[in-house]
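Quick look at what Swiss-Prot lists:
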type	residues	note
BINDING	565, 569, 674, 678	Zn(2+) binding site
């Protein structure tokens, strides 16, 4: 029996043996395609090739492409675990022809591989063709010798492919495998076609037409082939099983899940193990390709998949995080074919464990709420949308997780009600996917790229040069000219201006002509990853399409930018040396005045970590080693030890930047794939200083730093501030910390003395005789009333207790004023509580102070108000209350 890994390899080997170029799988995050959340088909990386926007990598190609279908139009999430062939992650084997061979050879390749190379029984294969595609029908008869009843004409869109209403399109031919009459189902096109007996294993797309507005308008000048074969499906066929989850890779993953949970994949528990095995693959590959769980976009879909798997782990009795413990089994099965799994294993495990630990805190509460809400429900009932939304909003249960939890009981969820509740909650956590910011104006860039091709970048070796104006864009539309005062985007056939990409900001500078045209360039973009767009303002003259301009990059600004960019490479290496190889770049900003570097790490950096990283980078700067650049293939670069960024799409040739001193093994301190601009030697960076370290999101940290003169000025400002502080403290800068500590101790002691003095003042200062002299008689009652500024309100009751003890019989009231506000308290000795209530007296004073209420006991009460200026009036209110009672 061939393993799934063997089948993948034999497919690729067959087509490379037939002259196809083997193309590595693209990352799951689509490159420069805001219309897709994830790569969901083998042809996605070649979309721009098929539409003519990119040059083919070779005349013919083959690949095994990672795919995810768990969001948007193509969403298999709900069915995963309950059917034989639904997956969130799958591999699409494919062969492609870009204007080379067409139908006959595509069918011949498919038939040869299936029946001769792999030995699949030809009698169990059936082909479908589009109902008008006589050519494909005849080739199946000629090449495969299939009888007429096993070449089925299909008139539906299942056998006609189109990228959209406009662009290339063409008929399809699908190959089905018959799993046997012991399984329900009929051949394609029959009433029983939805059964599981006949399973599609390969789809051949013949791109031969051009369409506009959904109508075919003609034939393509170059006809293309796009085929797709699900690896999991063909593995089931070749391993003699009907269910994808019974193939070797899934059996290993399910076996690992059984081992950790102690629960066999039987009966009702089988679906849970399948969900865990499938979702382990999709979550691990997404994390390896740079996606992290979040509350929106791709990260939210990843979190949904994670939480669905975690709920099923809970159903199997797992009391601790489980998913991260299954990652080694996945790496063993698939790490050789996809090295990014091995490289990202630490981050994958860490992310899964942290997310599961967090979700478990609310999972049980949410499930209890769900059980309470549905306890009296029966099969066929519907859970209201409000409760489903509460589960989402309070406990982090996505709608589909609630659906999944109720599915075994046959209880539906009110989707409309859920949507209404979501709409009403304006600050709902989940944000709709809106694609990238380029989507709105991308059409004009596609038009220009198709007409002019990519901009030639000359800025690696020069900061000035000539460029011919190939397009002028104003307000999203092409124009023929731009005059003084106009703000316009200028595109030239070549430019030394770096376009913003890879975290590095675009260049600024000037354009000019000998006859007086002057243009200020404020920024440079890079839409589609191919064009360099100069954001410009015409200072004088008129720029016409076709003009030749002299282009000058602002060299001082470029030098500051490239110093910061090179510093990010050094800090990346230093972080990995200090913290471990799990550290990977998660984002960066390289501007002229600062740099920002985001990286994967589960906890804050200590002061020692920051100091060590900063020292290590500065040591490499002082070494002043030459920065070298080499061009090589991506595979050779990675083999040479270069760090490649997850999610980046690399062409046939990449730039490998090496900087810093060499190790004993001959490897430079930092070796990375990078298309940015860099210093000539590390000493050009001059100085590196970290100014902050913070969290970006769960598992991602951020360093902000300065280099060169910006770092020097920052240190000078700190030194000046220290000198100013030393002068004010009348000490040396070296003794500022010691002097400040002494002053703080002194202040603390003085504050204590002041508090004690205020208490003594409240008690009469000079003793009981002085205190008695402050007493007054109202009717037959002795009254002591005081206003004390700066007294802590918590000392009021203690002072009143002492006043009661001193007086023996009487009433005392104190108003403590702090920062304009007043605290008011009153006390009545026990012999007078039958005549006077402290609560009533306090309320009288509090009302004057602008407050409300006041509470306590008949012998002691307290309140307060915002108007401390009326403190004496508040005491007078008490005096009036006492005088009124005595009258």
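Any Cβ shown, glycine's included, is placed from N, Cα and C.
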Under 8 Å by Cβ from residue 674 (Zn(2+) binding site), same chain, sequence gap 6 or more: 502, 565, 569, 655, 656, 657
Around the recorded Zn(2+) site (565, 569, 674, 678), other residues with Cβ within 8 Å of the Cβ centre, ordered by sequence, are 562, 566, 568, 627, 657, 659, 672, 676, 677
All-chain count of other Cβ atoms within 10 Å of residue 678 (Zn(2+) binding site): 25
Three states by DSSP: which one describes residue 569 (Zn(2+) binding site)? helix
Number of other Cβ atoms within 10 Å of the Cβ of residue 569 (Zn(2+) binding site) across all protein chains: 28
Local Cβ density at residue 565 (Zn(2+) binding site) - other Cβ atoms counted within 10 Å: 26
